[in-house]
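*Asks:* Below, the features straight out of Swiss-Prot:
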type	residues	note
COMPBIAS	1-17	compositional bias 'Basic and acidic residues'
MOD_RES	SER9	phosphoserine
LIPID	CYS45	S-palmitoyl cysteine
LIPID	CYS46	S-palmitoyl cysteine
DOMAIN	81-137	domain 'EF-hand 1'
DOMAIN	140-175	domain 'EF-hand 2'
BINDING	ASP153, ASN155, ASP157, SER159, ASP164	Ca(2+) 1 binding site
DOMAIN	176-211	domain 'EF-hand 3'
BINDING	ASP189, ASN191, ASP193, CYS195, GLU200	Ca(2+) 2 binding site
DOMAIN	224-259	domain 'EF-hand 4'
BINDING	ASP237, ASN239, ASP241, GLU248	Ca(2+) 3 binding site
REGION	257-270	region 'Interaction with KCND2'
Amino acid sequence: MRGQGRKESLSDSRDLDGSYDQLTGHPPGPTKKALKQRFLKLLPCCGPQALPSVSETLAAPASLRPHRPRLLDPDSVDDEFELSTVCHRPEGLEQLQEQTKFTRKELQVLYRGFKNECPSGIVNEENFKQIYSQFFPQGDSSTYATFLFNAFDTNHDGSVSFEDFVAGLSVILRGTVDDRLNWAFNLYDLNKDGCITKEEMLDIMKSIYDMMGKYTYPALREEAPREHVESFFQKMDRNKDGVVTIEEFIESCQKDENIMRSMQLFDNVI
């Protein structure tokens, strides 16, 4: 029985990462370069070109308007994939299909990319920040990456597993408008107490401006982040009590055409 259980676990992992094709028996794996490009493109906030407006800050989970990444083709893979030894084995493919809105092929592509960047099967905060910094070589993305990491780390154990990763991506890329707004609210609610304060939003905005870098906006005024926060609260804090609740956040976003239009940027990313 013990040997059989181990065999099933290994089979699930091979099935998930696409290390063999059930029909041909051949490994379809992509090259490391292709995996890295795919993995990076799948994280939110891919290559923004401008500082966000209020509506963009509210609409995009990464607070910045991303460009549309190249569509992933799960079938365009090479024949030279070397399996990595993973310490954390993800849940079975069928279970992840039920829990997310990704297809079998998409999950396999995602897993190969995740395992290439994170051979242990999990990513800690420091590794996450290192990966994320590749988006913004001109600035300091470490603080914002910490906020984003905490949003993916839903059980607060200090690591993001593949299950955590695809659960977050499923909401961002395939979730309903309400799903995405709830995810964005959770990102901005830094202490997870159910409301966004001006201090929290100021920390978010400062991290975004730091991430963009002074070389992108050399003439940026020091008070710009605080002004952005005031604009945010003027739009969102409907009862003027100094905090934004999830109800205020969702209601305000749903009434803003620009925000709703921005939410569609994440459709069909993969």
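Every residue gets a Cβ built from N, Cα and C, even glycine.
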*Asks:* Suppose the Ca(2+) 3 site is ASP237, ASN239, ASP241, GLU248. Which further residues of the same chain have a Cβ inside 8 angstroms of that site's Cβ centroid?
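*Replies:* Everything else in range on the chain: MET236, ARG238, LYS240, GLY242, VAL243, VAL244, THR245.
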*Asks:* Centre the Cβ atoms of ASP153, ASN155, ASP157, SER159, ASP164, go out 8 Å, and tell me which other residues of that chain have a Cβ in range of the Ca(2+) 1 site.
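*Replies:* What remains near the Cβ centre is ILE122, PHE152, THR154, HIS156, GLY158, VAL160, SER161.
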*Asks:* By CA-CA distance, flag whichever of ASN191, GLU200, ASP237, GLU248 among the binding-site residues is nearest to SER159 (Ca(2+) 1 binding site).
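*Replies:* That would be ASN191, nearest by Cα distance.
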*Asks:* Identify which of the binding-site residues ASP193, GLU248 has its Cβ surrounded by the largest number of other Cβ atoms within 10 Å, counting every protein chain shown.
*Replies:* GLU248
*Asks:* Rounded to a whole angstrom, what is the C-alpha distance between GLU248 (Ca(2+) 3 binding site) and CYS195 (Ca(2+) 2 binding site)?
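*Replies:* Between the alpha carbons of GLU248 (Ca(2+) 3 binding site) and CYS195 (Ca(2+) 2 binding site) there are 10 Å.
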*Asks:* What other residues of this chain sit with their CB within 8 A of the center of the CB atoms of ASP189, ASN191, ASP193, CYS195, GLU200, the recorded Ca(2+) 2 site?
*Replies:* TYR188, LEU190, LYS192, GLY194, ILE196, THR197, VAL243
*Asks:* Spatially speaking, which of the binding-site residues ASN191, ASP193, CYS195, ASN239, ASP241 is closest to ASP157 (Ca(2+) 1 binding site)? Use C-alpha to C-alpha, please.
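*Replies:* Closest recorded candidate to ASP157 (Ca(2+) 1 binding site) by Cα: ASN191.
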*Asks:* Quiz question: given the binding-site residues ASP164, ASP189, GLU200, ASP237, which has the greatest number of C-beta atoms lying within 10 angstroms of its own C-beta?
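*Replies:* By the 10 Å Cβ neighbour count, ASP189 comes out on top.
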*Asks:* With DSSP helix as H/G/I and strand as E/B, how many residues of the domain 'EF-hand 2' (140-175) fall in helix, strand and coil?
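*Replies:* Its residues divide into 24 helix, 3 strand, 9 coil.
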*Asks:* Based on DSSP, tally up the residues of the domain 'EF-hand 4' (224-259) by helix, strand and coil.
*Replies:* 25 helix, 3 strand, 8 coil
*Asks:* DSSP on the domain 'EF-hand 1' (81-137): how many residues come out helix, how many strand, how many coil?
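*Replies:* Breakdown, helix to coil: 32 helix, 3 strand, 22 coil.
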*Asks:* At a 10 Å cut-off from the C-beta of ASN155 (Ca(2+) 1 binding site), count the other C-beta atoms across all protein chains.
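*Replies:* A count of 10.
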*Asks:* Given the binding-site residues ASP153, ASP237, ASN239, which one's Cα is the least distant from that of CYS195 (Ca(2+) 2 binding site)?
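*Replies:* Going through ASP153, ASP237, ASN239 one by one, the closest to CYS195 (Ca(2+) 2 binding site) is ASP237.
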*Asks:* Using Cα coordinates, what distance in whole Å links ASN239 (Ca(2+) 3 binding site) and ASN191 (Ca(2+) 2 binding site)?
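*Replies:* Cα-Cα distance, ASN239 (Ca(2+) 3 binding site) to ASN191 (Ca(2+) 2 binding site): 22 Å.
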